[in-house]
Structure formats: C-alpha cells, structure tokens
Amino acid sequence: MLIGKRISGRYQILRVIGGGGMANVYLAEDIILDREVAIKILRFDYANDNEFIRRFRREAQSASSLDHPNIVSIYDLGEEDDIYYIVMEYVEGMTLKEYITANGPLHPKEALNIMEQIVSAIAHAHQNQIVHRDIKPHNILIDHMGNIKVTDFGIATALSSTTITHTNSVLGSVHYLSPEQARGGLATKKSDIYALGIVLFELLTGRIPFDGESAVSIALKHLQAETPSAKRWNPSVPQSVENIILKATAKDPFHRYETAEDMEADIKTAFDADRLNEKRFTIQEDEEMTKAIPIIKDEELAKAAGEKEAEVTTAQENKTKKNGKRKKWPWVLLTICLVFITAGILAVTVFPSLFMPKDVKIPDVSGMEYEKAAGLLEKEGLQVDSEVLEISDEKIEEGLMVKTDPKADTTVKEGATVTLYKSTGKAKTEIGDVTGQTVDQAKKALKDQGFNHVTVNEVNDEKNAGTVIDQNPSAGTELVPSEDQVKLTVSIGPEDITLRDLKTYSKEAASGYLEDNGLKLVEKEAYSDDVPEGQVVKQKPAAGTAVKPGNEVEVTFSLGPEKKPAKTVKEKVKIPYEPENEGDELQVQIAVDDADHSISDTYEEFKIKEPTERTIELKIEPGQKGYYQVMVNNKVVSYKTIEYPKDE
C-alpha cells in the first residue's frame, strides 16, 4: 500500500488519481517545494520486466525533452526499492474522455479550441522528432479553465532512434490506430495525425467512428471503411471542419496533412467566412492507376500454341484443296442459308427465351445501405446507375436508400438500369442569423422558420440586456426544424461589481483596479495627518456598494499633512563682561542653527567692554528646532535649543 508512503524522502503520496495497464498515478505532495504533484509509479508486476522499465523511462525522457504549455511537465525520475516513478505536473481537472462523456457532442468552436491546443502540442513533439503513437482522449487532460495538457508519452519514440518498435505487436489503442499501424507498418508522424482526426471526430459526435466486437474487427474497419460523416450525428458541423477530419483520417498517409502544423493552420481558419461552405474533401482517383492484369495459366498458353499450329496446318491443306472446293461452294452456301432460316424459325416460335431477356421484378431496397442495395439489384441481373440521387425523407435515416427508379415491384427486363435514391434525412432548413436581435425578435424569427425547440441561456455581457449574443448551431447550419434544438445565449447586461475598500491603495493601484473593472475614476486630493501622501483617504460610493461597469467612482488621495509656515522666535541674550584685566576688550561670537543659518557660520561678531544684551531672531520650520550659542573669547558662555512654537 503506497498511500501515506514518502518516496525519495520528498514525495508524500496522498491518494490514487488514475491508472493504466502499465502504471498507476497518485496525487502527492512535494514537501520541499510545498506543491502538489502527480507521481506515476510502474506497477509492481512489471518492476522486474526490463522492457516495461525501458518504456517507462522512455516516457520521462520523451516528455522531459519537450517544453510546451500543452504538454505535461516532467519534474523528476527515479527508482527506490524497486519502485520506479516519474514526478510530473499535477493538472486539476479530468481526462478529455471524461469531458466528452459528460459534455459531448461539443459545439464545433469548442471542439476546435481544444484541438488547436492538442495539435500544437503534437506539432512541437514532431519538431523534436518524437512520435507520440498513443494519442487518444484518455491521454489528454483538461483543467477547469479549458486548458489542455497532453500526457502519457510511454510508447513515444524518437524518430532518430534505432529501437522503433514495429506494430506487429501493436502498441496504442485500436480505436485510434492508423491503417498503416493496423497492417503492421511503422508508426510515423502521419499516424499521429490520423489519431488526431479520430479525436476530433469524437469531440464533435460524442462517439468513436469505428467500433466492433473485437480489436481485429475494429482494425479491419480502419483499413477498409471510410470515415463516417460527423454531420450525421452533429448537423451543426461546418463542411470546413468535417474536411479536417476527412483529410487527417485518409487511408493513405500520402493524402493526409503533410505536418501537424498544416492541420493546425486549417483548424485556425475553419470558421473563416470563405471556408464554412467549402466543397467536401475527396481524394481524386488517378486515372492512370495500374490495372490488375489477369494471370495467364500454362494450360492456356499451350492451348493457344496448339490452335496456332492447327491454323498453319489447315492453311496448308486448304491451299492444296482450294481448286477442288471452288466447284462445291454454291451447294455449301445454299445449305448454310437453309440451316440459318430453319434455326431462326425455331428460335422465334419454339425457343423465344433464347433471344428475349427474362422479366425481373425490382426488389424493395428502402432502408438499406448502398452496398447491400446495389448487391441485391445486381443479384437480380439489373444494372445500377453509377449516379446516386439524393432526396429528403421523414422516416428513413440519412445515408440509407429511399427508393428506386423504376420503383420497387415494377417488372423490367433483365439488364435494365435502376437508379438509386439516397436519403438526406428529414427535410432541413438553413437556420438564420438572430444574433444582435432581442430575445423576443429572435424567437419569432426562429418560429417563422419552424424551429420550436428554442432554449435560452442568460449570461452577463456588455451588450444590452435581452440581446442575443450567440446562437448554437451557428447561422447557415442546416437543421431539421421539428427535431433539432436551438440554443440562444442572451445578455442580461454587465455584471454588478462590488466595490473594494480602496484605503491604503496607491493612486496607481486604485486607478488600475477601477480600469480593470470598467469603472471611471474621478480624482480628488486632500491633506491628511494620518494617511501617507499618494494613498486613498476616502471613496464614494463606499466599499461594498454594487455598481455597474461605466459608473463613476470618486476617490480622494492624500497630499500628506498640511504644511505650516516657518515661525520667527526672538530671544534676548545677556552677555557677561568678565575680563582678566579691567578695561580689556572681549571678542563675542554668536552662532545660530535655524531655517536660514548653519551653526558653522557666524551669526554676529562684536567686541564688548561691559555686560551687554542682544536680541537674536531664529526662523524655525514646523517639526524642526532652533539653536544658538554665545562665545566670549572662544569660550561658550551660553546656548539654548528652541522648539517650534505651538499654535495659540
């Protein structure tokens, strides 16, 4: 039991999240980097099987050499106590197979969005000379945001490798297997392209194109049967999209896309207006194709040689007898004429069936597939017209035969030509474009076309409330009005935005938040002793208020504390006179440190012969201090620090 086990002292296994024939996948915690990872562990049954170990390691080596947003990242590879493991990126979501089961068939636009990511990943692998060889929805992950990750390169092979496995022991899944793999050929880049076409078919229809009771029967269908039309199960599929499937799944690799990049380019342009109604993709048969030459047996050669000898001998004999026969020829000619006349009379009167074709009743082939219907007609001795005509029918499924011309049970002569009519299904109507209309207008327009199964999905959008912003199927799609459903996506207007509390936001952060939510900033400024300069002081409407995109929000930003003026302080200073000898002059220096003076400079200098009083003026800034000192004969006699005066 691996749950709870710590591998390599680093990966704590939490629970099982998946598994396959070769390995199980667990959710684990990387305790060093504090993140969730997926860890694939080779089954214990194969821990001693060198081939499986080699294939397991190849998966890590193949994927780790690739760097693409749609390929699962490989973090680590190792072995501990016969536990072989690969540590990889954890994708929180589900497999594409599970997604199709839950949501299929998908809308063509969603299907192509998914396929574009998958094909981009495979194109990157091909550029690095790696063929995946097991492309299927089970090996593709999709997260909750619709992002795709291709995984499971367990049987991927480098094209330059000398260990490419031939498919006589077929690896991969038979439902997605290319014809060349099914017949035992090499898996190439074009084999991956074939599998991509099958995946696109499954996305659009919710089903696989070929199924059967055994792997062999399915493989035979890949070899022999044409890929069915996706439109049969999803009429909303444009021809440009179906053509991608048909080209990718061509039986001969020569007729497929040359590269995955070519397929990706077609996917990106499939909904361009000039492509939506393009002609169906078909493969032109080469008129100069080599025809089979029947084998001539030895006996036939001998017979032909004998006949030639007989001709030569007869010619020689005839030459000898020629003169004798000339006399008998009128009697011979008369005898031959009598024989032919007698035979003609007998043929017309006694044996008419020898010259007249027999009567045949045309069988009823309605509801049959073309091959079965044509076979039945030919069995009755009838010729089948090469051109099959199409006709709508309310009861017979699309693609099956409806009727013949002449009609069933009509008696005709053997060898007569019969024309087949194939059902296109129930009569279809091309749905109009109702986007941009109000929901009531759209419903009326659709009802006028006969569409009664209309559902509405309401979403927030910038368009006015009640406006149709999307329709599914898209305009121009042919549908059966009495059966097919039309889904309208209708705007209920922009979603309300609940304002955040913008306090402590800088001007840049506040304006960015409002812009991201489509709100207009009305900027104001005010002094604040509490809020640092440049930050939000207040907002209007208040935090928690619901507003619509486009509304104005008034935001007041702090200018910081309001600046006070510098103040002048007057100080009276008494200077003592204390000479060593009476009558000596004393040198006085006054220094001031304030807004206008530096303590290193002399504010005032003079001489005294008696005690003196002076008034000093100091200019002090708010929050600052003033200072003065008095020196007599270079000796400090007084000094003082003065605070900024408080307001009265």
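For all residues, glycine too, the Cβ spot is worked out from N, Cα and C.
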Listed residues THR165, THR282, THR477, with the one flagged phosphothreonine by Swiss-Prot: THR165
From THR162, THR429, THR435, the one Swiss-Prot labels phosphothreonine: THR162
C-beta crowding around LYS40 (site 'Required for activity'), within 10 angstroms: 25
